[in-house]
Amino acid sequence: MKLHEYQAKRVFAEAGIPTPDAELAETVDEAVDAAESIGYPVAIKAQVQVGGRGKAGGIKLVDDADEAREAAEDILGMDLKGYHVDRVLVEEAVDFTNELYVGVTMDRGEGKPVAMVSTRGGVNIEEVAAEDPDAIAREHVDPAFGMHPYQARKAVFDAGVNRAVANDVASVLTTLYDLWEAKDGSDAEINPLMVTADDEVIAADAVMNIDGDALFRQPELAEMQEEAAEDDLEAKANDYGFDYVRLDGNVGIIGNGAGLVMTTLDLVDHYGGQPANFLDIGGGAKAERVTNALDMVFSDENVDAVVFNIFGGITRGDEVAQGINEALEAFDEIPKRVVVRLAGTNAEEGMEILNTDLVTVEKTLEDAVQRAVEYAEEDSQ
Amino acid sequence: MSVLVDEDTRVVVQGITGGEGKFHTEQMLEYGTNVVAGAVPGKGGQEVAGVPVYDTVDRAAREEDANAAVVFVPPAFAADACFEALDAPVDLVVAITEGIPTQDMSRVYRKLQETDTHLVGPNCPGVITPGVAKLGILPGNIFSSGNVGLVSRSGTLTYQVVDNLTERGLGQTTAIGIGGDPIIGTDFIDALELFEADPDTHAVVMCGEIGGEDEEDAARYIGANMDTPVVGFIAGRTAPPGKRMGHAGAIVSGSGTGTAQSKIDALENAGTPVGDTPEEVADHVENIL
């Protein structure tokens, strides 16, 4: 789960990391009022969870009330890379001499956290990592102890941060690590951490991603999630409790288990079709989940045909079949043709139950995918 | 011969009184697995499917000589359950639980480095030595005994591939579902090492997916250390960057690492054929044997 910039900054500020003066605004008038009370120049920043907001016109620097009004009018309500902007952060513009990067993430290869510092802040850090890995100082942390203060200093000095601000940067990194640990972060990042002419450090941007599996013990953060607006279909999937990713193609895909669903997507592509989505109904799905899954895929107007592929372990073929029948019998006319393949636990019972007036049944994964690709081609709008 | 699980495996099920724990204990017993105890705090003295329950893993291991643990404990308590099994100690821990916080697993992983125990999982279907025993939730009926070792990050994909193998008469020595989480105990290299040392395993199928660099590391290991032939499969060729495909670990990062293509290239460079479809994986294995 990703926090918005304003949410992450609030969390950072509460922990004692210096952040610029800022106010959240939902209307143009609120934005202008905020700008007036903060004092110019201010930055007006779209609060959507996509990278490259500045280049896409989602961040503007303004010097007076007229400019603030114009910028807020432009940004509020705009469509930014598919996301509707309904909030802006109005923020004191920081005069800086230098931009640093500090971050904490889980190094999955090592199985332990890693703290990072670079003097090349302000740009895409993944590009820096790819072009010049030595420009980022990395310090792995033993999760049994947490980060020792010396490790923060070591990372800061190894990165070549100016002595005048080294202590302050180390202190920001220590706080960031402690926050990351306490809040079950997956990534915590300040890019850029600005250094001002009088050697103050200030977090000009803030990224905080939380481990979705840990939200049960982070109730305040779980509440923030509700404030984050998402793509309609993805919000729907969230309500149903599905793992769902929307793609660009026209073959709808439903299956059980992440690896098998991905493989089904790959096979659609292999046989010349284009997958419309990834939808994993999970293990042990009963009839209702099956109905919901079909509803999800039919709601996507790009879908021209559907392939339903289940390999039962804990999931039972007869229950899936019953769910498919119930879902499709409710329609006067079935919106898209559906190809079903059932294997594993109770697959034979399931095949017998399936109403073959409503669906096409195939025995193997390969055949089912090829049939769905054919249907999608024939029925493409 | 087999790896990790054999006739001498004596299992304690952690969380045996829960719905999943009870159901799969019955399934494991039916398959012939030697389930000797359950462990649930506060439920000591009860019985589930004829199996005695103890309050602690330590007590279960001592009283019933258990040497392996299967974890069916809910995510909030699962890391603690892993620590309990590691401290007992047992030789093998299979953690089925899905949704354990990553930072918890990082601490378990750190502990694991100090022990000789194998941890499989979490978020995995388990381990099966066909005809002998299964630890976990894999459907026993699709497996058959033979000479192919199998290691996979995904549960149902394992079933699909095993189904294709079994249909051609290509049975398995042991199948290991290592799980799709970012931090897991036994990884591809650990499993490949076990299969390489097993004289009855004549070929290994390795099913990977997008995300991380474990498959690339495994390819290097295969190239440098393995005589046993390996056949690969990689799921997620069509996955877009930045989107998590179900498994917490299955994500192509913005900078392009963790892609299916880089994993396929790495395996092919190590002389490992990679099937485009599960069917093709079976073709390759058939050619090798």
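In case you wondered, yes, glycine gets a Cβ from its N, Cα and C as well.
Curation does not apply to TrEMBL; its annotations are automatic.
TrEMBL has this to say about the protein:
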- A:Lys45, A:Gly52, A:Arg53, A:Gly54, A:Glu91, A:Val94, A:Glu99: ATP binding site (BINDING)
- A:Asn191, A:Asp205: Mg(2+) binding site (BINDING)
- A:Asn256, A:Gly313, A:Ile314, A:Thr315: substrate binding site (BINDING)
- A:351-378: coiled coil (COILED)
- A:9-253: domain 'ATP-grasp' (DOMAIN)
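For the binding-site residues A:Gly52, A:Gly54, A:Gly313, the largest tally of other C-beta atoms within 10 A is found at A:Gly313. In this view, A:Ile314 (substrate binding site) is surrounded by 21 other Cβ atoms within 10 Å of its Cβ, with every protein chain counted. Compared over the binding-site residues A:Glu91, A:Glu99, A:Asp205, the count of CB atoms lying within 10 A of a residue's CB peaks at A:Glu91. Using a Cβ-Cβ cut-off of under 8 Å to chain B, the binding-site residues A:Lys45, A:Asn256, A:Ile314 reduce to A:Asn256, A:Ile314. Here the domain 'ATP-grasp' (A:9-253) has a mean pLDDT of 92 out of 100.
Shown are the binding-site residues A:Asn191, A:Asn256, A:Thr315; of these, the residue with the fewest other Cβ atoms within 10 Å is A:Asn191. Of all the binding-site residues in the record (A:Asn191, A:Asp205, A:Asn256), the one with the smallest CA separation from A:Lys45 (ATP binding site) is A:Asp205. A:Val94 (ATP binding site) sits 11 Å from A:Asp205 (Mg(2+) binding site), taking the Cα positions as reference. For the pair A:Asn191 (Mg(2+) binding site) and A:Glu99 (ATP binding site), the Cα-Cα distance reads 8 Å.
With every protein chain in view, the residue among the binding-site residues A:Lys45, A:Arg53 whose Cβ has the most Cβ partners within 10 Å turns out to be A:Lys45.
Neighbours of A:Val94 (ATP binding site), defined as other CB atoms within 10 A of its CB across all chains, total 19. With respect to A:Gly52 (ATP binding site), the closest of these binding-site residues in Cα terms is A:Asp205, chosen from A:Asp205, A:Asn256, A:Gly313, A:Thr315. In this structure the residues listed as binding ATP are A:Lys45, A:Gly52, A:Arg53, A:Gly54, A:Glu91, A:Val94, A:Glu99; their two most distant Cα atoms lie 19 Å apart. Here the candidates are the binding-site residues A:Asp205, A:Asn256, A:Gly313, A:Ile314, A:Thr315. The one whose C-alpha lies nearest to that of A:Glu91 (ATP binding site) is A:Asp205.
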